[in-house]
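This report refers to the structure that appears directly beneath it.
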Amino acid sequence: MNPTRYARICEMLARRQPDLTVCMEQVHKPHNVSAIIRTADAVGVHEVHAVWPGSRMRTMASAAAGSNSWVQVKTHRTIGDAVAHLKGQGMQILATHLSDNAVDFREIDYTRPTCILMGQEKTGITQEALALADQDIIIPMIGMVQSLNVSVASALILYEAQRQRQNAGMYLRENSMLPEAEQQRLLFEGGYPVLAKVAKRKGLPYPHVNQQGEIEADADWWATMQAAG
């Protein structure tokens, strides 16, 4: 990988916000899933979460994985599992839902560890999910339409989170908050995508990428990579 590419990936890693995420509860249209993931990447989200029960899990996970190779998609079989995982990371759970207790999405402090919960396109967030959320939020609507597309709504909220975090200097870190192993994975997959595919296919561990963006691997690793099959 050339120095420019290495520097760009390192800059991206330093700006990643591991304590900001989105959870999609049965969002089932691939174009919406893809759009949400692209926006998540644009504001520095490292990992998004999705609840896809039963047989839809594999299909939707595959569609999501193809949306953006820089954003991880963690799937959960139930919303209870997802929320328990996220609250275990100290995140506030915000549900996009009109209720008597809902507040304008811009009134929330997004510099706190935050998960934005988005519901299924037609039916919205389930009652089970609403009961688990910490706060309902709304996007004010002053026209004739009553709702926005789920990917549009998530984009508005994510960019408010990005605005607040940028003002707080949370994108100015010199070092990434991601674990070293995760940084190495992204450096190799992003800097050497062809080699990464071969290594995956052959079941080889990823090599170390040094501070010059160069691969550090022994002769046996290279020999296995170059062998036919």
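Cβ atoms are placed via backbone N, Cα and C, with glycine included.
Predicted, not measured: the structure shown is a model, and the values here were computed from it.
If you look up Swiss-Prot, you'll see Thr96, Ile139, Leu148 marked as S-adenosyl-L-methionine binding site. Sequence-distant contacts of Ile139 (S-adenosyl-L-methionine binding site), defined as residues of its own chain at least six apart whose C-beta falls under 8 angstroms from its C-beta, comprise Thr96, Asp104, Phe105, Leu148, Ala153, Leu156, Ile157.
Secondary structure from DSSP puts Leu148 (S-adenosyl-L-methionine binding site) in coil. Neighbours of the S-adenosyl-L-methionine site: apart from Thr96, Ile139, Leu148, residues of the same chain with C-beta atoms within 8 angstroms of the site's C-beta centroid are Phe105, Ile138, Ser147, Val152, Ala153, Leu156, Ile157. Under the three-state DSSP scheme, Ile139 (S-adenosyl-L-methionine binding site) falls in the coil class.
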